[in-house]
Amino acid sequence: MFDHIMQYQSEIWQAIGETFLMVGISISAAVLVGLPLGTLLFLCRRDQLLENRIVFSILNVFVNVVRSFPFLLLVVFLIPLTRFIVGTAIGTLAASVPLAIMAVAYYSRLVEQSLLEVPRGIIEAGTAMGASTLEIIYKFLYVDARSGLLLGLTTSTISFISYSTVVGIVGGGGIGDFAIRYGYQRFEIDLMVFTIIIMLIFVQTIQFVGSTTARLIDKR
Amino acid sequence: MIVLDGISKSYRLKNGPYEAVHSVSLQVFQGEIHGIIGTSGAGKSTLLRMINLLESPSTGHVRVNDLELTQLTTKNLRNARRSIGMVFQAFNLVHNRSVKGNVLIPLELAGFSKQARLERAAECLRIVGLERQAEQYPSSLSGGQKQRVAIARALATNPTVLLCDEPTSSLDPQTTEEILKVLKEINRNFGVTIVIVTHEMDVIKSICNKVSIMEAGEIIETISFEPKGFAALKNDYQSLRRQLLSEVDGDV
């Protein structure tokens, strides 16, 4: 069995590389866009610092719409946009576009939820000290919500790995696609089991690192 | 000096407008400890929160140290708030920062140099008697210690005014006394004007020079205890005192 798997070593490495690329892009999108968007979502809520029903509704609908798409359909639906951004609708980079958009929607909701757990009074204390909205965000909100934000990112990352397995439909590759093409479609069960084990190890490791770090930085 | 001039605050609720504070005028002179007492819902917290514009008044003017706060730009208001410290019933500490870290926040916001920040934070923790707990996190402190951290934090930027919103209401009587002692020392040693909202008569008795009684959004009476303190109140005031006490009894 092991020899058989070694035969596909280079394909497996390539698939792992593709998964890393897609998940890496998704995490970056989640942090760079999802975090600010989720923060805005929180701040625009009723009775919050930037209370704004219109902005809140727009963001809220965006997050809900993206998240209610079955991911496979989102990939297909976004093909025109992907073509516009990447220049092609096929390949790992192209598959990263719907993944990144899903990542932004997914993580921004988790960010909003984490920030809701920060006691209101802490924001008030910040305001009373003369902090600006931006200072309240990074000196108060992000500080007290940091373990929740990290746990949310951990959960998101694991979902991104899961989502990335279906992008074979647009030639995105990755380890899920490898498992389907070689393991399932060619009846090479041992290859499928092997890739599932690899994914299991990834997910376990990510969850372990995420949970442990979140616990260590939580002084509440 | 704090001058409130005809301030009102109304909210729009589902069943129509609600006026939490109705046309209140009040002067608090520099160095005073001024209590505001009343039942819950009397508007005392709302009144206090209008002094640093945590709530902006619907009408009227707020002047602190000759600065008309209601007329300031956002940026100038933020600067003005640095000279008005505030302490809350729920302490409102940042749980993921150490005791020292919490006191450092206002200093970071005010742009002090690192050296100055550390010195001032240490000084403030010494004032409230917590220098030994500097590196601990709030979760390991008692309620009274948490409130002292909050007081140290409020003092960091050398405010002239300290607003206290039910600062002892979640503390036991002995701890309450400790906190009041700290507040009194701060008032005496640094001349900080203190406005304290409470529903506890003992708080008024032990530290205030003056007290305003609030009812249904209005100040119905302001009594001065000077020069001899609360105990020296004459017979004329006995009825008021009874009224004051019954106010409190109604609440607890």
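Counting begins at 1 with the first residue displayed.
Each residue, glycine too, has its Cβ placed from N, Cα and C.
TrEMBL annotations: computationally assigned, not manually curated.
Not measured: the values here are computed from a predicted model.
What TrEMBL says about this protein:
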- A:16-210: domain 'ABC transmembrane type-1' (DOMAIN)
- A:20-43: transmembrane segment (TRANSMEM)
- A:55-79: transmembrane segment (TRANSMEM)
- A:85-107: transmembrane segment (TRANSMEM)
- A:149-171: transmembrane segment (TRANSMEM)
- A:191-210: transmembrane segment (TRANSMEM)
Selection from A:20-43, A:85-107, A:149-171, A:191-210, the stretch that has most Cβ pairs under 8 A to the transmembrane segment (A:55-79): A:85-107
When counting Cβ pairs under 8 Å to the transmembrane segment (A:191-210), the leader among A:20-43, A:85-107, A:149-171: A:149-171
Within-chain partners of the transmembrane segment (A:149-171) [C-beta distance under 8 Å, separation at least 6 from its ends]: 19, 22-23, 26-27, 30-31, 34-35, 71-72, 75-76, 79, 82, 89-92, 94-95, 98-99, 102-103, 106-107, 110-111, 113-114, 142, 177, 179-181, 199, 202-203, 206-207, 209-211, 213-214, 217
